[in-house]
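S.K.: Following this message is one structure expressed as structure tokens.
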Amino acid sequence: MAAARSAEVCRALHADLAKPYTESYIALVKSSCKFALKNLKKWMKPQKPLGVVLIISAWNYPFLLSIDPIIGAIAAGNAVVLKPSEVAPATSSLLAELLPRYVDGSCIKVVEGGVAETTTLLEQKWDKIFYTGNGKVGRIVMASAAKHLTPVVLELGGKCPVVVDSNVNLHVTAKRIAAGKWGCNNGQACISPDFIITTKSFAPKLLEALEKVLEKFYGRDPLRSSDLSRIVNSNHFNRLKKLMDDENVSDKIVFGGQRDEHHLKIAPTIFMDVPLDSGIMKEEIFGPLLPIITVDKIHESFALINSMTKPLAAYLFTKDSKLQEQYEATISAGGMLVNDTAVHLTNQYLPFGGVGESGMGAYHGRFSFEAFSHKKAVLVRRFAGEAAARYPPYSPAKLKILRGVLKGNLGAMIKAILGFPRGK
């Protein structure tokens with residue numbers, strides 16, 4: 001389906017988000033399918049399917065974030081009900097049309113609709129619920145699941161920090177930050193860099209490098225660039241505009257700031273040293289706005305990051321191995337990437353998921369299979385080899401043997417198997 005209908009998928013994604021072809025990530029979906037097929041026999045030996053699972057996907061990558069968890073769920077032997085996001089209606093309709101053609105109807109059903117339909121689905125009993133979206137709705141999903149003790153995977157978000165040391169390759173760093181921020185759906189991605197922390201002395205150099213890269217990527221008038229996704233709808237556009245127009249923030253814009261409300265486009269916009277208590281630093285931005293926060297020493301970034309909720313991803317650019325070790329040990333995040341942004345999402349051998357308020361559970365590759373399966377323990381014993389020490393009446397001699405067995409003492413194990421202490 002992903003291969004044969006790629007043109008239709010791209011058209012739907014463009015209708016929903018003006019998403020460029022290279023950001024459709026159809027190849028990533030195909031890669032997930034091939035990886036699962038290649039490894040399925042090895043994965044499935046010890047596991048059992050859960051049953052019927054509900055997958056609620058997000059609007060920002062409506063094809064990828066629907067199909068990717070479906071691959072794991074079906075590979076593990078489950079039946080799936082998919083609720084695609086109503087905020088991406090073209091992709092939602094296409095999924096409802098295509099999935100029944102390519103997948104057995106007994107395996108998957110697609111339910112379209114909005115809040116009412118999602119609420120009704122959440123009232124049902126499921127064997128697992130997989131939700132991708134924001135924390136507010138994630139809490140609703142978890143509360144609904146708790147009524148039936150249904151396990152959940154919550155793929156949420158958070159403010160993903162980028163710490164930039166002064167010893168980096170500046171041009172490469174700027175390109176990779178820009179690709180992870182504006183090249184990921186114009187910042188409308190859960191793993192997009194949310195803010196940068198660097199030193200006061202290095203910030204001007206980093207800003208200059210970002211400006212050059214952004215002009216090369218999107219031209220002098222980025223609002224006219226076909227490579228920059230639009231904001232998904234007017235509600236999100238107005239939310240971002242409010243963050244930009246905050247009286248304590250608007251004068252901190254050092255690059256960009258252009259916007260086109262009619263076409264729902266906002267240019268890449270960089271801020272310098274916005275107040276830490278401003279809205280743009282309190283909530284997940286989920287858009288093309290990028291604050292740079294400066295510190296005297298790069299290690300001061302650790303305390304700032306840890307004062308916030310745990311992010312889905314944390315990024316570090318440095319050549320200093322000690323700083324890298326300290327960052328890895330000090331910062332709690334769903335995932336971590338050194339000297340790049342966002343691309344850990346594409347690695348099938350790494351679990352993708354959050355921690356704390358950025359989510360729970362993980363998927364991708366084998367981790368998708370495990371998310372939708374159960375490790376059922378089965379022990380088969382023979383009738384020979386009775387251990388008298390396990391049965392009443394208990395005695396000091398029996399207790400000694402049992403303690404030895406639990407400690408892994410070979411002599412005690414042999415005595416237990418041979419039925420010692422006999423006649424007691």
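Every residue gets a Cβ built from N, Cα and C, even glycine.
This is the feature table in TrEMBL:
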type: ACT_SITE; residues: GLU155; note: active site
type: ACT_SITE; residues: CYS190; note: active site
type: DOMAIN; residues: 43-378; note: domain 'Aldehyde dehydrogenase'
S.K.: Please report the three-state DSSP label of CYS190 (active site).
M.R.: coil
S.K.: Pop the Cα-Cα gap between CYS190 (active site) and GLU155 (active site) into the table, whole Å please.
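M.R.: Rounded to the nearest whole number, the Cα-Cα distance is 9 Å.
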S.K.: How many other Cβ atoms sit within 10 Å of the Cβ of CYS190 (active site)?
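M.R.: Within a 10 Å radius of the Cβ of CYS190 (active site) lie 31 other Cβ atoms.
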S.K.: Let's check the environment of GLU155 (active site): how many other CB atoms sit within 10 Å of its CB?
M.R.: 26
